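Asks: When I checked TrEMBL for this same protein, it listed these features:
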type	residues	note
DOMAIN	2-182	domain 'KARI N-terminal Rossmann'
BINDING	25, 26, 27, 28, 48, 51, 53, 134	NADP(+) binding site
ACT_SITE	108	active site
DOMAIN	183-328	domain 'KARI C-terminal knotted'
BINDING	191, 227, 231	Mg(2+) 2 binding site
BINDING	191, 195	Mg(2+) 1 binding site
BINDING	252	substrate binding site
Ligand SMILES: NC(=O)C1=CN([C@@H]2O[C@H](COP(=O)(O)OP(=O)(O)OC[C@H]3O[C@@H](n4cnc5c(N)ncnc54)[C@H](OP(=O)(O)O)[C@@H]3O)[C@@H](O)[C@H]2O)C=CC1
Ligand SMILES: CC[C@](O)(C(C)=O)C(=O)O
Ligand SMILES: [Mg+2]
Ligand SMILES: [Mg+2]
C-alpha cells in the first residue's frame, strides 16, 4: 500500500514568502486559487486580458494579471489552462519568466509526459492533481473537508520540491483527505484511461445505451431517464462510501442477482479487450497525437459530436425533469 500523506505531513511554511501564479480560473483554477488564498497563501491569477473570468476572480478578492505579468511576479507557476493550449502558452508567455530556482507545476501530467512542454533543468517541476472535478475541490474545502490528490516530482532542482508539493496540497485542502505520491507517467496514463473508459466515455455510453433500449421498446423517456441516469448518483454514492459490497448490501436481493448474472453480459470480454486497446493508445502516444491534431484543425470532430450529443432526447428529457427538482439548481 502506498504511503498516504495527511495534514501533519505537510508544512505551509514552505509556501510562506512565496507568490503562486494560478494560470486559468476555470474548473480547477478558481477552486485552487480560492482555497490557497483562504489558506493564507499569496496568490495571483493569470488570465488573458479579455477573459470572461477576470471580473469574477477580482470580485472574489483575488489579484489578477495577464499571464506574463503573473509569471514574472511568481515563484511558483501552476498551469491550470486547458491541456491542449498549454504548450503554446508555455512557449510564448511562461518560459520567458521561468527564472532559475522557480517552480513550474500542473494538475495533470499530459504536457510534460508527452513532451509538449520541456522545462529548463534549473527549475523545480511537480504536480498536485486533485482526484476530483474542480467544483468539488472548492465545495469540500469550504465544508472544512478536502478531496484526495496525487503529487509527483518530475524535476527537483532546489531539493525542496516534495515539500512544496505537499504544502501546496495542504493549501488546497487535499491533505485533509489524503495525498498519494505517483509519477507524471502513471498519473497521465491512468487519468486518461479512467476518463475515457470508465468515468466519462464508458459511463455516458452505458447510460445512453440503457436509455435508448427502454425508449426503443416503447417505455416513457421519463421512466428511462430515472432508471438509467438519475439513479446513478444514488448507486454511486453507496459505492463511493462503502465499495461495491455496500451498494450490494443496500439494494434488493433481486437487484443483486441481476447485477451478478447480467452485468458480465453488458461488459463482455470484447469490452475488456477494447479497454486494453484504449490503454495502449494512451501509452504509445496515439491518443495524445490525435487530440493535438484535432486541435490544430480547429476541432472538427469534437465540435460535431458535441453538437449532436447536446441534441439527444435524454438531454431534452433530463432538462425538463431537473426543472422539477429545485434543489439541483443551486449547484449549476
Ligand atoms: N476539470 C477538472 O476538474 C480537472 C482538470 N485537471 C487539469 O487541470 C487543468 C485545467 O483544466 P480545467 O480546470 O478543466 O480547465 P478549464 O477549461 O475549466 O479552464 C481553463 C481556464 O484557462 C483560461 N484560458 C484559456 N485559454 C487561455 C489563454 N490562452 N490564456 C490564459 N488563460 C486561458 C480560461 O479562461 P478564459 O477562456 O476566460 O480565458 C479558463 O479560466 C488541465 O491540465 C486539466 O487536465 C485535473 C483534474 C481535474
Ligand atoms: C474525470 C475527468 C478528469 O480527469 C477529472 C475531473 O479528474 C478531467 O480531466 O477533468
Ligand atoms: Mg482526473
Ligand atoms: Mg483528466
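Each residue, glycine too, has its Cβ placed from N, Cα and C.
Note that the structure is a prediction, hence the values are computed from the model and not measured.
Can you tell me where each of these features sits in this structure?
Replies: Here the domain 'KARI N-terminal Rossmann' (2-182) has a mean pLDDT of 98 out of 100.
Within 10 Å of the C-beta atom of residue 134 (NADP(+) binding site) sit 19 other C-beta atoms, taking all shown protein chains into account.
DSSP gives residue 108 (active site) a coil state; it is part of no helix or strand. Around the Cβ of residue 108 (active site), the same chain contributes 83, 127, 129, 187, 188, 191, each under 8 angstroms and 6 or more positions distant in sequence.
A helical conformation is recorded for residue 191 (Mg(2+) 2 binding site) in the three-state DSSP classification.
Here the Cβ of residue 191 (Mg(2+) 2 binding site) has 19 other Cβ atoms within 10 Å, regardless of which shown protein chain they belong to.
The Cβ of residue 252 (substrate binding site) lies under 8 Å from the Cβ of no residue that sits 6+ residues away along the same chain.
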Asks: Per DSSP, how many helix, strand and coil residues does the domain 'KARI C-terminal knotted' (183-328) have?
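Replies: Reading the DSSP string over the domain 'KARI C-terminal knotted' (183-328) gives 127 helix, 0 strand, 19 coil.
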Asks: Quiz question: given the binding-site residues 48, 53, which has the greatest number of C-beta atoms lying within 10 angstroms of its own C-beta?
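Replies: By the 10 Å Cβ neighbour count, 53 comes out on top.
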Asks: Please check the binding-site residues 191, 195, 227, 231, 252 against ligand 1 and give me the ones with CB under 6 A, sequence order.
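Replies: Qualifying residues: none.
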Asks: Are any of the binding-site residues 25, 28, 48, 51, 191, 195 near ligand 4, with a Cβ under 6 Å from it, and if so which?
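Replies: Near ligand 4, sequence order: 191, 195.
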